[in-house]
Amino acid sequence: MQWGTPSQKDKKVNPVIKKFQYGNDTVTLETGRIARQASGAVLASMGQTSVLVAVTGSKEAKPGQDFFPLSVHYQEKAYAAGKIPGGFFKREARPSEKETLTSRLIDRPIRPLFPNGFLNEVQVVCTVISAEKDVDPDIVAMIGTSAALAISGIPFNGPIGAARVGYTQESGYLLNPTYSTLKTSELDMVVAGTADAVLMVESEAKELPEDIMLGAVLYAHQEMQAVVQAVAELAKDAAKPVWDWKPEEVNAELKAKVEHGFADSVGVAYRITDKQKRYDRLSELRNQAVAELATEESGVSADEVKGLFAKIEKQIVRSRVVAGEPRIDGRDSKTVRPLHVEVGVLPKVHGSALFTRGETQALVVSTLGSARDAQIIDALEGERKDPFMLHYNFPPYSVGECGRMGATGRREIGHGRLARRGIGAVLPKEEDFPYTMRVVSEITESNGSSSMASVCGASLALMDAGVPLKAPVAGIAMGLVKEDNGFAVLTDILGDEDHLGDMDFKVAGTADGVTALQMDIKIEGITEEIMEIALGQAMDARLHILAEMNRVIASPRKELSENAPQFHTMKIDPDKIRDIIGKGGATIRSITEETGASIDIDDNGTIKIYADDGDGMQAAIARIEEITAEAEIGAVYQGKVVRIVDFGAFVNFLPGKDGLVHISQIAHERVQNVSDYLKEGQDIEVKCMDIDQRGRIKLSIKELLPAPEAETAEAPAGEGEE
């Protein structure tokens, strides 16, 4: 992108610029000109899309800090696309769903690369300041984040690269496809990793086989090496000295005391298969350790004891798994927890399902609405409507805790989007099923992989509502424990296995292929073999879950729920649209108020009618047919006199249509004064006699009246009088 030339007088501005070719795009990384007070700042550009990434770190950790406070904020500025924000205040408000998801996308691959024990606060702010409509800025933001961290001096085991991958059978894999290219792609995958390892995968696909998905991951990792190399070269020229930071030394004496006093008891506790009982016992042991070891005389803090206690937990669980011993809940590495599936569990909703897998449970509800219920998304690339929504809720009671209730959190938004990715490939096309669909997953119990339970529940609830899905979908979460002496891939991981393991690998799909894949890896050295094994085990588990789901409901119900809105579509002449809408929308408003129906009209004359019941639907159809009806010669209509003139009367016989009853067509006898026969507002029956080239309609009352008796009797004699 062409930027302004700095003033020659400003000697302090000495930007360092690195350009490199990335597939078909030229990427520019610039530092030293903007945001110079941040620990590290890079302006990353790809084509005309630019993201300013500023990284700031605290030199000291807060006292008592026991977690790594990393925060990532991705924000899209309206001015980047030449737009002014809507709303009363006309400025950017709370983060959109896209901004939240991209923030998580950036956070996930960089978080494991900070050294263990590093607890200093780090903040990453990515601001989209210039945007092309056809380019997603997320990859640019990830590249910029990698570069900003690399030059910041903050301890970081990077750099990372990032790539988006598309796929078509004709073209194979596509590097960093545009929005328009993705419309025809069977895959949308984002991969991030270092020079040696893949760290993060986020994808949705149209039922692709496992080998294509794995190939896409490997292709992305190979291509992103251009980014890793370029960032490393930028760091050579512009990086600040790395902070002189060292992790706190482990208290060897305290560690030995914790291990000697509690390792055996912790090992026994991890044989308790019931989650709550296990947690209660571990809590007792943890409190006992703190009480015995964190005393004033010892000078040891409770946090130190708890930290070492957690390390013992991790060590015990991991060593058992790698050794092939039974897992925490007694299963082997490939067994899925017991399943229980119900549909139609709520009487008044459109579709519902209760999906239970072990101690993870989701109550999922589907709701159908009209086209106007679709979500309006005001994005940088333009406004669009989304007819499908999947919302995920994770109340604190699902894990037996008290907690904050309120605004939707980042985690809930991320899990909802993952579940949506899993379902998206099997949804019907809008022209085949013109309803707006909303799915809500209420996590009522949680012990691992609630997002994949949401996928299963969403598939069941949509089929229960009668939504014509192409195929049922199921999801499963895989885990990994890797030690020097071996590794184990775990099917259907528990929450503890997710926390204590090295990988969270979630796969959703149908019997024919993968629809979504998400992978987060906490260590380096995940090989192609490990990923292949994980995908294979995931497929076996997915097919097992699908078989259990199919026993309850194998295909969508033939009829929509009686609680769902009725739908009817009809086609009219586009010139008639104004008649249905009426002046200032008065006509269509009256139809909706009288019938209770919701009406959407396309510019091509297609009318979509939604109603809560059949009566409202039929009433709305009848009104529209009346308004759009054309006069037919010879047809008889019930009309109302709207105006009387010297030469006849104008009669309204169809909505918006008036015709003339000429004075000669009012009665068989000669009419001298129209007012003697007709009054304004009078209801009469008329017959359509003719429509001239200008569309004027001639009506008759006389044609519907019986002929006079005298005229009828004298007619034969009168034939020969002349």
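Glycine is no exception: its Cβ is also placed from the backbone N, Cα and C atoms.
The Mg(2+) binding site annotation in Swiss-Prot covers Asp498, Asp504. Secondary structure at Asp498 (Mg(2+) binding site), taken from DSSP and collapsed to helix, strand or coil, is helix. Taking the Cβ of Asp498 (Mg(2+) binding site) as centre and 10 Å as the limit, one finds 17 other Cβ atoms among all the protein chains shown.
Per Swiss-Prot, domain 'KH' is recorded for 565-624.
Predicted-model confidence for the domain 'S1 motif' (634-702) is 88, expressed as mean pLDDT. Here Swiss-Prot flags 634-702 as domain 'S1 motif'.
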The domain 'KH' (565-624), counted residue by residue under DSSP: helix, strand, coil: 32 helix, 16 strand, 12 coil
Which same-chain residues, if any, lie at least 6 apart from Asp504 (Mg(2+) binding site) yet have Cβ under 8 Å of it: Ala477, Gly479, Ile493, Asp498, Gln518, Met519, Asp520
